[in-house]
Amino acid sequence: TTFQDGGEEVEDGAVYNVTLKKVQIQQAANKGARWLGGEGDQLPPEHTVRQYETSKIRAIKAGTLEKLVENLLTAFGDADFSYISIFLATYRAFASPRAVLELLLDRFENLETSSHGEVANLNSLESEMVLRVEVASVLRAWLDQCSEDFREPPDYMCLLKLLDYLKNNMPNSDMESRVQNLLKQFQNQEVEAVDGFRSTSSSDLVDGEELEISNPEEFSSFQDHVVAEQLTYMDVMLFKRVVPYHCLGCIWSQRDKKENKNLAPTVRATITQFNAVTKCVISTVLGTRELKIQQRAKIIEKWIHIAHECRILKNFSSLRAIISALQSNSIYRLKTTWMCVSKDILLMYEELSEIFSDHDNYLTSRELLMKEATSKFANLDSSEKENQKKSQKRLQLQKNKGVMQGTVPYLGTFLTDLIMLDTALQDYVEGGLINFEKRRREFEVIAQIKLLQSSCNSYCLIPDQKFIHWFRRQRHLTEEESYKLSREAEAAADTNILSPKSQKSMVKRISTLFLGTDVFTPPKEQPPKSSPVGGSSGESTDSASVSSCEFNHSETEDVCVTPVSSPEDPLKKGYDSDKGSISSDKGSGSSKGLDSNKGSVFEPGSGSDSGSFPTRDSGSVPSSAPRVLPVYNRQSGGSCIIRVSMDGLHASVYKSILITNQDRIPDVTQRALLKHNLEPDAVEDYELVQVISEDKELVFPRDANVFYGMNSHVNFDFILRKKA
């Protein structure tokens, strides 16, 4: 089979990409070979005759909503077999379920009306029958793949409209029964909490029961594999419920608006769980003042073992949450405690941390996730022989149970990719047509989420109510509390019997583990400043910049990433369970951006900022998707992505903005105000400043070209400041 680009076809309200597909349909012996009695499949090529068939594949590239809905009925005829799935997974970015359903059903009603207005003939009846089958096929796929689209309490207008259509056109059909059952199911379900799911928060406690700091003895009583299995159980239940369209960049990036406080509840629930795990780790390590150095080190070792068990279970969400907590400033700075952690366990910790290394845009974690997405068991490798033996022994126990495992991903990876796609690609092309090529790119990411959700059905985990109850009643420390307790613990440790020589030796050993031959520089020991109003309660303020990631830590920006940090950049963040975000608890330096998915071309800095609103400028786009998308921290092809924060109230929150070499200060300022939900008319009241270093800034003149005027040798971090 060979393919050939057939160019574009333009119709009224739609643009199609055309591909010519040439397929061999028959191979037979030529005349001379037949005379000799030979068979085509047993002869060399020079003695055979091949017959080929060329077919045309039309894939809609852009169109009006009416054309996109109409294409649902003709996609199979155009050989665009994935179109229905792509449309259903992404249409919420540009239309509502009611609008799509009305257009779909009106299409059938219009044909039925026209056929009744003329003398009935065989052709009109046949067309009506074919259309009825096509509509039924689309509706069936809609109910199979996206039944949550019809959850519209209390009226359920779309379901009622669909039910009325089925009663009139497909009475007593299986689909009619299915819609009736779905309606009853929605109506009979209890009213869910605001976030749509039971979360691991204080709301699950029995009336009158108070939160408490973890008792070290009680925590130690839980076996490592039991803790990992229970965390995986909770993660699986939440991840399977994630509605894929909630992850779309244009939807997730708007969650900070007041009217959208209940937006994307399924994603918020996973974030709440991630934050709860991170804060549970911090509370168990720091919550008890009376712990001795060795006892605190044992708790850290236990969490590293639990993280390793999560790795065996292919639970990358809790694995990352635990690693993030151990890399947080309040725990990472416990130098004396880390000295008491055994060498083998430190090596295990280092190997687990490397999974989330930000090198080459988190390539390690991406490749590992795709490698194990559908594998039955984890693929464990260790450079340390003893750890390798333990890993293989634990893995063999899992295999002996005969139960396959699914894979729970770190959702922030996908959120970042979708945010960056939404920022880099336009929603509309020339003529106001919906850019469906953008939706095809987004579906590449969503398809991976669906694949992993399907794999989670392989898990066979039983909830342990004792552990779940213990986990939910933990009182989480604020950033200020954890930092204070960390300083107290380290101060008490300084009075221990370790000599200065042994301390220096241990510090050198730890620095070698984490950084090779780099010099160990302890993080700055400055108490965190109070968080800005409206910011996440856990957001760090001792860092030069905070990446705008919901997972990666700031509720006001979306996609999470907690790169493995160096001693000077200890954590980067941990969730803020109160706000559904990861609290930023990092040292100096801005965290790099997140991962892009397979097929995306973002660099390490491209994803740390996710909550930005996409640029909605309409205009023509190239006939094919760009080979390299704009990225953060690099100018390419006359465009790049910068991160802009608001001075003062929102100083710790970044929004990503796509700029080109044609943009001047007023254009960029207006877009930044829009993304921060401020009035865009106040452009003249603000000035744009690029952060060069802690004590240097680049202030742009009023009409400067931002692309050519910016310093491209430092981070593309900007501040929008109100003029004096």
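Using N, Cα and C of the backbone, Cβ positions are placed for all residues, glycine too.
Unlike curated records, TrEMBL annotations are generated automatically.
Owing to the predicted nature of the structure, the values given are computational and were not obtained by experimental measurement.
Straight from TrEMBL, the features:
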{"type": "DOMAIN", "residues": "56-187", "note": "domain 'N-terminal Ras-GEF'"}
{"type": "DOMAIN", "residues": "223-492", "note": "domain 'Ras-GEF'"}
{"type": "REGION", "residues": "518-629", "note": "region 'Disordered'"}
{"type": "COMPBIAS", "residues": "531-540", "note": "compositional bias 'Low complexity'"}
{"type": "COMPBIAS", "residues": "541-551", "note": "compositional bias 'Polar residues'"}
{"type": "COMPBIAS", "residues": "569-579", "note": "compositional bias 'Basic and acidic residues'"}
{"type": "COMPBIAS", "residues": "580-600", "note": "compositional bias 'Low complexity'"}
{"type": "COMPBIAS", "residues": "607-623", "note": "compositional bias 'Polar residues'"}
{"type": "DOMAIN", "residues": "638-724", "note": "domain 'Ras-associating'"}
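According to DSSP, the secondary structure content of the domain 'N-terminal Ras-GEF' (56-187) in residues is 96 helix, 8 strand, 28 coil.
Over the domain 'Ras-GEF' (223-492) the predicted model carries a mean pLDDT of 87. Residue counts of the domain 'Ras-associating' (638-724) by helix, strand and coil are 21 helix, 35 strand, 31 coil (DSSP-based).
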